[in-house]
Amino acid sequence: MFSLIAAITVTDSIRPFSLFQLYTHRVAVRAKMNKNSSNIMALVPKTSNKRETVCIFGTGDFGRALGHKLIQSGYPVVFGSRSPWPSSLIPKDAEVLSHAEAAQKAAIIIIAIQRQHYDFLASLEETLHGKVLVDISNNLKINQYPESNAKYLAQLVPSARVVKAFNTVSAWALQSGTLDASRQVFVCGDDTEAKQMVIDIVRAVGLTPLDQGSLLAAREIENYPLQLFPMWKIPIFLSLGLTAFFFFYCLVRDVIYPCVYENKDYSFFLAISIPNRISPIMALVLLALVYLPGVLAAIIQLYRGTKYSRFPDWLDKWMLCRKQLGLVALPFASLHVIYTLVMPIRYYVRWRIEDRTISQALNNKTAPFDNTNGWLSDSYLALGILGFFLFVLLGITSLPSVSNNVNWREFRFVQSKLGYLTLILCTAHTLVYGGNRFLSPSSYRWYLPNAYMLSLIIPCIVLVVKFVLILPCLDKQLTRIRQGWERNPQYSEQSNYIINKSAV
């Protein structure tokens with residue numbers, strides 16, 4: 001018993017001394033390790049943040065603008081020129097040498113010259129061996145040459161690694177700090193390492209690189225800057241054609257007809273009245289045309305019983321330009337709002353109000369307030385305001401800066417659910433405006449109905465067919481088809497074969 005107590009006492013007296021020794025030992029070891037690590041770090045050379053030199057062949061507007069931007073981003077720049085002497089146009093921190101001397105100083109060479117001047121590069125093939133050549137050239141016409149400029153450069157200097165980039169950016173965009181222009185740069189090349197080096201340069205100068213794959217994509221990238229609103233042609237031509245049609249239609253009904261039968265000159269209607277009738281008609285018709293192809297596609301899928309069969313080419317093109325149709329419709333709706341706001345200050349409107357007031361005073365009669373017309377007027381305005389609000393919301397969510405920040409379900413909800421709600425409100429706005437004038441004989445001049453009656457044809461068709469398609473018996477089957485179910489799997493294969501054969 002006493003021996004056990006003595007052992008415990010001895011152990012307790014020794015433990016504090018052992019912990020103190022352990023602590024001091026650890027401190028000494030750490031100090032020694034820090035000293036050794038500091039000695040080791042002293043032997044390692046410090047890494048430099050200096051970027052590698054970039055060579056630019058060509059001292060034109062784009063070459064100088066890109067060189068200035070690279071210098072701002074920390075890249076040493078050397079220009080290769082056929083006139084290798086200093087110039088006030090060249091950035092002061094850049095060096096100007098001959099092509100051969102400049103190429104020896106850099107691993108990345110940006111070819112900022114036109115294709116017709118590439119011939120001298122063949123004589124520099126030995127110097128350009130293994131180097132990265134960045135082709136930034138564009139052509140004057142789409143598919144001007146059998147092969148792309150980048151492919152031609154690769155054939156001219158086969159030992160170099162060719163990358164296509166920077167051809168979609170202008171010298172002005174680089175000079176303005178890329179704040180007021182497109183920031184996207186399409187990049188393509190067969191060598192992954194060379195392409196990554198160019199992508200790093202694109203990011204360094206504040207632009208957004210988009211990897212387009214191999215050098216086979218260079219032809220498409222070179223054609224891109226030459227395309228004038230490729231997705232806007234159909235919407236613009238369609239809107240111009242419909243605008244011209246409704247303009248002459250309203251001109252016949254509202255100006256020529258009164259002049260012939262009533263001997264009244266309403267030519268001043270061309271300034272505001274007729275544009276104010278055309279703009280809401282165009283907005284409503286174009287909005288309906290946004291959703292009509294989706295309805296037609298649903299009917300075709302129900303008829304074929306599959307989603308794996310291609311739509312007709314005209315329907316494919318129509319569906320691809322739906323966004324542009326909606327964006328074209330929005331300015332027409334905005335014009336209608338502006339024209340409506342200026343209506344009260346028109347002389348013709350003020351004259352009619354004054355004439356009616358004086359007529360009532362002379363006849364000592366006052367028109368009683370009609371509660372029905374009050375409801376119709378307020379409902380007409382309320383529907384128009386709500387419809388225009390949702391119209392603007394659809395336009396805002398169509399912008400890339402907004403659509404990129406919402407997920408697919410949110411975007412689909414706005415563009416589909418709220419889009420149809422917008423179409424319903426705008427159609428109701430027009431129907432309330434018409435009131436009981438649809439059946440009035442005075443509304444038909446030369447047997448021509450009012451223009452707004454024509455504008456209701458397509459929206460009403462779209463809404464009626466859409467209502468039929470959302471019935472449970474059809475909606476359930478359409479949902480199954482879009483999830484991959486097929487009524488007759490062989491039909492889709494046969495139809496695709498027929499379509500492909502007819503295309504060939």
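The count begins at 1 with the first shown residue.
Keep in mind that glycine also has a Cβ here, set from the backbone N, Cα and C atoms.
What you are looking at is a predicted structure, and each value in this text was computed from that prediction instead of being measured.
If you look up TrEMBL, you'll see 53-139 marked as domain 'Pyrroline-5-carboxylate reductase catalytic N-terminal'. Under DSSP, the residues of the domain 'Pyrroline-5-carboxylate reductase catalytic N-terminal' (53-139) split into helix, strand and coil as follows: 28 helix, 19 strand, 40 coil.
For 281-426, the entry in TrEMBL reads domain 'Ferric oxidoreductase'. Taken together, the residues in the domain 'Ferric oxidoreductase' (281-426) have a mean pLDDT of 90 on the 0 to 100 scale.
Summarising the annotation, TrEMBL assigns transmembrane segment to 236-258 (among others).
Among the features that TrEMBL reports, transmembrane segment is placed at 278-303 (among others).
For 324-342 (among others), the entry in TrEMBL reads transmembrane segment. Sequence-distant contacts of the transmembrane segment (324-342) (same chain, six or more residues past either end, CB-CB distance under 8 Å): 231-232, 234-236, 238-239, 272, 275-276, 278-280, 282-283, 286-287, 289-290, 388, 391-392, 394-395, 398, 419.
Tertiary proximity for the transmembrane segment (379-397) is limited to same-chain residues at least six positions away from its ends with a CB under 8 Å from its CB atoms, namely 283, 287, 326-327, 329-330, 333-334, 337, 403, 406, 411, 414-415, 418-419, 421-422, 425-426, 428-429, 432-433. Residues or ranges marked as transmembrane segment by TrEMBL: 379-397 (among others).
Among the features that TrEMBL reports, transmembrane segment is placed at 418-439 (among others).
What TrEMBL lists as transmembrane segment is 451-474 (among others).
With a cut-off of 8 Å between Cβ atoms, the residues of this chain six or more beyond the transmembrane segment (278-303) that come close are 235, 238-239, 242-243, 246-247, 250, 311, 315, 318-319, 322, 325-326, 328-330, 332-333, 335-336, 339, 391, 419-420, 422-423, 426-427, 430, 451-452, 454-456, 458-459, 461-462, 465-466, 469, 474, 477-478, 481-482. Helix, strand and coil counts from DSSP across the domain 'Ferric oxidoreductase' (281-426) read 123 helix, 0 strand, 23 coil.
A Cβ distance under 8 Å defines the sequence-distant neighbours of the transmembrane segment (418-439), meaning residues of its chain 6+ beyond its ends; these are 280, 283-284, 287-288, 290-291, 326, 376, 379-380, 383-384, 386-387, 390-391, 393-394, 450, 452-453, 455-456, 459-460, 462-463, 466.
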